[in-house]
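Per Swiss-Prot, the features are as follows:
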COMPBIAS  598-617  compositional bias 'Pro residues'
DISULFID  113-282  disulfide bond
DISULFID  208-215  disulfide bond
DISULFID  259-266  disulfide bond
DISULFID  371-456  disulfide bond
DISULFID  393-433  disulfide bond
DISULFID  393-452  disulfide bond
DISULFID  397-448  disulfide bond
DISULFID  406-456  disulfide bond
DISULFID  406-433  disulfide bond
DISULFID  408-422  disulfide bond
MOTIF     617-621  motif 'PY motif'
TOPO_DOM  1-65  topological domain 'Cytoplasmic'
TOPO_DOM  561-640  topological domain 'Cytoplasmic'
TRANSMEM  66-86  transmembrane segment
TRANSMEM  540-560  transmembrane segment
């Protein structure tokens, strides 16, 4: 019956099992099943030279080993070169580019000082007292009797009270006692009074701290240096009591006889004035306060600044200034004039012609150099209120430490807000503090030279000077006569009373130096590509292939670790067989290939494999296992 029924149905459509998805439909991303398969595929298809030899020579193990070693050595050499290239790039080298430009140039600022510290009427009596005590000291120490002494020396000492820190003769200790003398430097200087004729003594003065618990001697081997420094120390104390309102222009005297720029007269509106404690009255021509900056369109001595200066010192301070003439400095319009650091002296009776050449330098900051653009990132406050320069920062740093350590400001540098200049009437130990601080500053223990970085943009002027006698012997009479009539001033000592100064551009060509990165990112990539092509003869796509290989290796390693983890922790009750089953299931689930590649025709291709959930046997729980009856036969389910 059933057979007839089947015959009636005839050859109908056969029952077909659900078709398994093909390999191309299984997943969007597929990976190789082993390291060997991945490496073989890479060597067969990569564009890197030499990799195919690792597969083609697999039947000759010697060749395989040779090419493997050669490939690894080449790979190592290439990455060694890569390390050198990256090391050079991250050392941030720079190239110095030199350009020669020619154009109209802005004439720099020129500062000229009298070299004659001024005697202000407000402190005349105090300066006379200092001069008198100094003359008495010279008589006591060097038997020098100056003609300015109007009375006997002993009476002079009785009239004027002694100044603090008197100048003394100091005995030079033997070398073996120098360390002991340094430890006991607070001993009285009255014991150090050897005869003048002996050579084992020096000149100096004693300086102590506030409570006189520590003292030292400021000593000099030259008597001239000792007298000048001692006089200078007391002079700036007196000068600190002078108010700024006393520095009026009406008291400056006649210093500049004539002034011309580009053959045109320059007047009061072309210069500004300031006072220097040591160099006297100073005039700055063509500074930032000038109405319009001077321009030089032609080189030569007739197209620059020409000054005729008075160098007589009728009311000079001989114990403070031992030279005569004038001091000049060339600098930028927005830079202060540091006469001690960059100036030089002019001789009386001489025409000094100074030719200039401009030179600029632009440094690279950041990783390429330790420079600052405007000083805003420097931990030192600019006291000069001008453009940042390294000298501005260094002097501001010293003044900052002076105020912090000594409680007062040094008169040579700008006065900070809320601080007064040092005066031993108010700060009796400031000299001790200053000389200690000066020693620490010179040895960079204050850190000023480290804090103050170089500016990224600098403009310098290269100077060269020429000298000639002026005026000549045949022309000096009428020249001095004209100067006397024109300026209503009589030149008493003709040749030592005047000096002439010419400052001009030697040529309008100026050198512009600039730094540029020696190795840029483009250069680095080019060098890396050159090395890659040299050792492997490949391109950027080959680098992508290497990255893909590393990615596949990491994924396969992750899958292997995942299988091991699942076999150990996810199937605890299935025994060794279950562990082997679970461990082998991901392999069967993986695709057989990553992309088509030739295989042997004799090897049968594996068919679609059912997932482990369909082929695995049911779990063997202990309660469902076979039980034996007393007769030894198996019992049916539910049977006791």
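The backbone N, Cα and C atoms fix where each Cβ goes, and this holds for glycine too.
When Cβ neighbours within 10 Å are tallied across all protein chains shown, the highest count among the disulfide-bonded residues 208, 215, 422, 433 belongs to 422.
Listed in sequence order, the disulfide-bonded residues near residue 422 (disulfide bond) (C-alpha within 10 Å of its C-alpha) are 406, out of 208, 282, 397, 406.
Of all the disulfide-bonded residues listed here (113, 393, 397, 406), it is 406 whose C-beta has the fewest other C-beta atoms within 10 angstroms. Here residue 452 (disulfide bond) is compared against the disulfide-bonded residues 259, 371, 393, 408, 433, and the shortest C-alpha distance is to 393.
Shown are the disulfide-bonded residues 371, 452; of these, the residue with the fewest other Cβ atoms within 10 Å is 371. For the recorded site, residue 208 (disulfide bond), the DSSP three-state label reads strand. Among the disulfide-bonded residues 393, 397, 406, 433, 448, not one has its Cα within 10 Å of the Cα of residue 113 (disulfide bond).
Averaged across the topological domain 'Cytoplasmic' (561-640), the predicted model reaches a pLDDT of 51. A simple Cβ count within 10 Å picks out one of the disulfide-bonded residues 259, 282 as the most packed, and that one is 282. Spacing of residue 393 (disulfide bond) relative to residue 266 (disulfide bond) is 33 Å (Cα to Cα, whole number).
Look at residue 406 (disulfide bond): DSSP puts it in a helix. The Cβ of residue 456 (disulfide bond) has 362, 363, 364, 365, 369, 371, 372, 373 as same-chain neighbours under 8 Å, each 6 or more residues away in sequence. Here residue 433 (disulfide bond) is positioned 17 angstrom away from residue 448 (disulfide bond), judged by their C-alpha atoms.
A straight line from the CA of residue 259 (disulfide bond) to the CA of residue 282 (disulfide bond) spans 15 Å.
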